[in-house]
Amino acid sequence: MTTQAPPTSLLPLSPEQLARLQAAVGEFSPTQMAWLSGYFWGMVNQQPGAVASPAVAAPPPVTVTLISASQTGNARRLAEQLRDDLLAAQLSVNLVNAGDYKFKQIAQERLLVVVASTQGEGEPAEEAVALHKFLFSKKAPKLSETAFAVFGLGDTSYEHFCQAGKDFDSKLAELGAQRLLDRVDADVEYQVQAQQWRQQVVATLQAKVPAQSTAPTQSTTPAAAAITSGGTTTVSPYSKTAPLTAQLSVQQKVTGRNSEKDVRHIEIDLGDSGLRYQPGDALGVWFDNDPALVEELLALLWLKGDEPVSIDGQNMPLAQALLSHLELTQNTTLIVDKYAALSRDETLIALLADKPALQLYAKNTPFVDMVRQAPSDLNADQLVGLLRPLTPRLYSIASSQAETENEVHITVGVVRYDIDGRARSGGASGYLADRLEVDGDIRVFIEHNDNFRLPANPETPVIMIGPGTGIAPFRAFMQQREVDGASGKNWLFFGNPHFTEDFLYQVEWQRYVKEGVLTRIDLAWSRDQAHKIYVQDKLREQGAELWNWIQQGAHIYVCGDANRMAKDVEQVLLDVVALHGAMDAEQADEYLSELRQARRYQRDVY
């Protein structure tokens, strides 16, 4: 922990007054100082015989600004917990979504706490992109009167672990702000670190800011609020930690038999649960690992599966822990490092010195295949200590309750690959496609995403860019726009390898076009000709018309791959704005940032 003097702005004295006071009291003894304190107290409280003085107004309460930069909801939930802690400690707090934060006011912040997640290749959460760009621009102000703390959320299975948190921490310090606490970089299993950090933040702020004598103020929004079809706000009893047990009603392959992709349309019956969602939200899916994978791992380690282990204080057989509580299909560099030490495998130990090769190995080699390639004799507790907790997967919702009512639809790309001749599949996608039977129970919850919403005005034009399974939320958008009778124009850009095999929801899109609900559709089939064509090529081709729609107030939505597609699409948008808007590169970038701030450029990328 780093301890520093509070900024002078937190005191009810100006720097000049503070300097004069410090100079004056230097010549007094402790006894004289004690007498003076009573003398000043008497002046303030107008005791008999005290020298009258003008009443001094109490300084306004110092508010802690708490910024949540969340991608999948974890940062938001942690920020909400910290907000509650600060309020309980009688401190005033303003919790704000990074996408709603007026970042030009950051120079006025005195106490700033940032909870930041990282997405893709070290990029900030989508809602924090504009703030991140501003802080790293020439317009960023000096922050010498600001004290701050940063908690970074990330995943060690990615190369740029917690990079967004590191960026915010280093840039705030570079701009002159003072650290209240050292930055925390937390992995997927972040709860223990988060609880300790919350306690440290509260204690540190209590030492710097007097508790409010009146009720502390807050500015925030409900955590689990959902909007019903009638427009009222409800609080759902279901969450990531308390999911709804629903039933699978439809599981259908929507790619052709000769397609290189296996994409499934999934429909889940929510029954009379009352679970509500909006177009743009995601569905969280809890899953069980493949029993065959569990048996394979146990056999490789010469374990029976009935060995007792403890998971979060709950005792259970090892086989049950591997099936339902521990991650088996994702590896990380940290796991490789620990396993190399236990196995003493020379190949793995040598790999640790080559960071790029280590990252690639962890990404492409599931834990069970690492054990097969580098055998070791682990006991049950050692195995459990190596593996990460199972986490749910999020899927963009492909339906609107205005049409499907008590159902929720998702579009799932099934992950399939071979390693050393052995077929492997993704944890959740394999569960949904291969192991979960129709009418079977499935645990789900809604992850609300207020950063991917249809425009409030039904007359506003909408541009949707979603290749592959990125088309999912736009199916929900079109269902909603049709039910609402929205008069605004709709334009879809979709792409996949082959027209005949990979045109997801083809009949539905054709109907929308025929009935005039979908104004335009541009399709990119990357493998149907000698040269590859992607959605970004179609965007560039339609640049002039695209600019016309933007000038008419269109909202732009992008869904799909964050690492390649989304970056390429953004570059084309910048090029279109520069060319047709007669701007240079810097002006185009600022223009796109303004669209993002106005919620006219929204992305759901992963």
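Using the three backbone atoms N, Cα and C, a Cβ is placed for every residue, glycine included.
Between the candidates Asp484, Asp568, Asp575, Swiss-Prot assigns the NADP(+) site shared with Ser526, Arg527, Lys532, Ile533, Tyr534, Val535, Gln536 to Asp568. Region 'Disordered' is the annotation Swiss-Prot gives to one range among 212-235, 236-259, and that range is 212-235. Among the record's NADP(+) binders, Ser526, Arg527, Lys532, Ile533, Tyr534, Val535, Gln536, Asp568, no two C-alpha atoms are more than 18 Å apart, and one pair sits at exactly that spread. Ranking the binding-site residues Asp155, Asp568 by how many other Cβ atoms lie within 10 angstroms of each Cβ puts Asp568 at the bottom.
Arg527 (NADP(+) binding site) and Tyr606 (FAD binding site) are 23 Å apart (CA-CA, integer value). For the domain 'Flavodoxin-like' (64-202), the DSSP-based tally of helix, strand and coil residues reads 55 helix, 35 strand, 49 coil. Annotation note: Tyr395 (FAD binding site) sits in a strand segment as assigned by DSSP. In sequence order, Ala69, Ser70, Gln71, Thr72, Asn74, Ala75, Pro124, Ala125, Gly152, Leu153, Gly154, Ala164, Gly165 are the residues of the chain that are 6 or more apart from Ser117 (FMN binding site) and have a CB within less than 8 Å of its CB.
For Tyr395 (FAD binding site), the same-chain residues 6+ apart in sequence whose C-beta sits under 8 angstroms from its C-beta are Ala282, Leu283, Val285, Ile410, Thr411, Val412, Ala472. Comparing Cα positions, Gly73 (FMN binding site) lies closest to Thr329 out of the binding-site residues Thr329, Lys532, Ile533, Val535. In this structure, of the binding-site residues Ala428, Ile533, Val535, the smallest number of CB atoms within 10 A of the CB marks Ile533.
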